[in-house]
Amino acid sequence: MTEKIKIAVAGARGRMGSETVRMILNHPEFELVGAADTKYDGEKIADKIGILGTDARIYTDIEQLFTATAPDVLIDFTNPESGKHNLQQAIDYGVRPVIGTSGFTNEDVAVFKEQMDAKKLGGIIAPNFAIGAVLVMKFSQLAAKYFPDVEIIELHHDKKKDAPSGTAVKTAELISKTRQAKIQGAPDEKETLQGARGADYEGMRIHSIRLPGLIAHQEVLFGGKGELLTLRHDSMDRASFMTGVAYAVKTSMALDTLVYGLENVLD
Ligand SMILES: NC(=O)C1=CN([C@@H]2O[C@H](COP(=O)(O)OP(=O)(O)OC[C@H]3O[C@@H](n4cnc5c(N)ncnc54)[C@H](OP(=O)(O)O)[C@@H]3O)[C@@H](O)[C@H]2O)C=CC1
Ligand SMILES: O=C(O)C1=N[C@H](C(=O)O)C[C@H](O)C1
């Protein structure tokens, strides 16, 4: 029998971290060896998120987590600052990082990738693990070749701390690879209320909506002469991210570099 992949989860008490713990416990090829979070050092993660089936403990120090549990993979769903710290520690300890935390820039990715290439360490940073969201990004990249006028609307729950979403930024980055550069809207348009036209990414506008009741949603609107193309994805449940997280864990075991974006490793 092949050995299970040993996984530690950073941010395990959070919305995504707790869903990830459940996914690992239900996956025949995965073993949860420990968790990192900001409190409850030494206590059982199961007691803190109200599940059964694991004796894995919480560590408030990521280095102690790595030393005590020797994971193959670290899955991180924390916040940008902690995510970068945890990723650096993972590299230093030779643990494969699977990072879902948003807020990584291309410059951040380049710095980590250089270190991982030197160590031949595999890992993935993905702004969105939902397969449908990744497809919307890919379809958007294709559509932008024919429709350079684009606006992105991302809609999230009102506990989300960053704006715009990592998904919206990654979508704009992919679109910019095929979109002919242009200034959108009327050349002489003026905002009479600051921010009305949203954030500006190379002339494309990104609008961030935060409301209770939402989980994670995105619309990419393309305008042409007499026509409008709308691509939309809705995560109605955080389970929507778990197929991608599991895929990234397994894929990272066979990689010897850092990949930014699930679209780069999907078959
Ligand atoms: N890639 C993807 O598919 C997805 C990515 N995300 C991203 O995942 C991240 C987390 O989102 P969400 O689960 O909603 O956030 P939550 O706030 O629900 O969870 C974050 C958890 O991380 C903990 N934490 C903070 N700092 C550290 C640290 N240094 N070490 C370990 N744990 C820490 C927090 O503790 P405390 O509360 O005490 O600070 C909390 O338990 C966000 O960046 C979000 O954008 C979300 C959904 C999907
Ligand atoms: O905070 C969230 O919830 C989400 N964050 C990620 C992002 O910033 O794109 C992914 C998904 O949209 C959910």
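Glycine is no exception: its Cβ is also placed from the backbone N, Cα and C atoms.
Going by TrEMBL, these are the annotated features:
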| type | residues | note |
| --- | --- | --- |
| ACT_SITE | His156 | active site, proton donor/acceptor |
| ACT_SITE | Lys160 | active site, proton donor |
| BINDING | Gly11, Ala12, Arg13, Gly14, Arg15, Met16, Glu43, Gly100, Thr101, Ser102, Ala126, Pro127, Asn128, Phe129 | NAD(+) binding site |
| BINDING | Lys44 | NADP(+) binding site |
| BINDING | His157, Gly166, Thr167 | (S)-2,3,4,5-tetrahydrodipicolinate binding site |
| DOMAIN | 5-129 | domain 'Dihydrodipicolinate reductase N-terminal' |
| DOMAIN | 132-266 | domain 'Dihydrodipicolinate reductase C-terminal' |
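Everything TrEMBL records as a feature, shown here on the structure.
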residue: Gly11; record: NAD(+) binding site; CB count, 10 Å: 24
residue: Arg13; record: NAD(+) binding site; CB count, 10 Å: 18
residue: Glu43; record: NAD(+) binding site; CB count, 10 Å: 13
residue: Lys44; record: NADP(+) binding site; CB count, 10 Å: 14
residue: Thr101; record: NAD(+) binding site; CB count, 10 Å: 25
residue: Ala126; record: NAD(+) binding site; CB count, 10 Å: 29
residue: His156; record: active site, proton donor/acceptor; CB count, 10 Å: 22
residue: His157; record: (S)-2,3,4,5-tetrahydrodipicolinate binding site; CB count, 10 Å: 14
residue: Lys160; record: active site, proton donor; CB count, 10 Å: 17
residue: Thr167; record: (S)-2,3,4,5-tetrahydrodipicolinate binding site; CB count, 10 Å: 25
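Here the C-alpha separation of Arg13 (NAD(+) binding site) and the residue listed as 'active site, proton donor' works out to 16 Å. Thr167 ((S)-2,3,4,5-tetrahydrodipicolinate binding site) has its Cα within 10 Å of the Cα of these recorded positions: Ala126, Asn128, taken from Arg15, Thr101, Ala126, Asn128, His156, Lys160. Largest Cα to Cα distance within the recorded NAD(+) binders Gly11, Ala12, Arg13, Gly14, Arg15, Met16, Glu43, Gly100, Thr101, Ser102, Ala126, Pro127, Asn128, Phe129: about 30 Å as a whole number. Sequence-distant contacts of Asn128 (NAD(+) binding site), defined by Cβ-Cβ distance under 8 angstroms and a gap of at least six in the same chain, are Val134, Met137, Gly166, Thr167, Lys170, Ala216, Phe241, Gly244, Leu262. Applying DSSP to the domain 'Dihydrodipicolinate reductase C-terminal' (132-266) sorts its residues as follows: 44 helix, 39 strand, 52 coil.
Summary of the (S)-2,3,4,5-tetrahydrodipicolinate site environment: with the site residues His157, Gly166, Thr167 set aside, the chain residues having Cβ atoms within 8 Å of the Cβ mean position are Ser102, Pro127, Asn128, Glu154, His156, Lys160, Asp162, Ser165, Ala168, Ala216, Gln218.
Within the set of recorded positions Arg15, Lys160, Gly166, Thr167, Lys160, Gly166, Thr167 have a CB atom less than 6 Å from some atom of ligand 2. Secondary structure from DSSP puts Arg13 (NAD(+) binding site) in coil. Taking Cα separation as the measure, His156 (active site, proton donor/acceptor) is nearest to Thr101 of the binding-site residues Gly11, Glu43, Lys44, Thr101, Ala126. Selection of the recorded positions Lys44, His156, His157, Thr167 by a Cβ distance under 6 Å from ligand 1 yields an empty set. Closest by Cα distance to Lys160 (active site, proton donor), from the binding-site residues Gly11, Glu43, Ala126, is Gly11. Using a 10 Å Cβ-Cβ cutoff, Gly166 ((S)-2,3,4,5-tetrahydrodipicolinate binding site) registers 19 neighbours.
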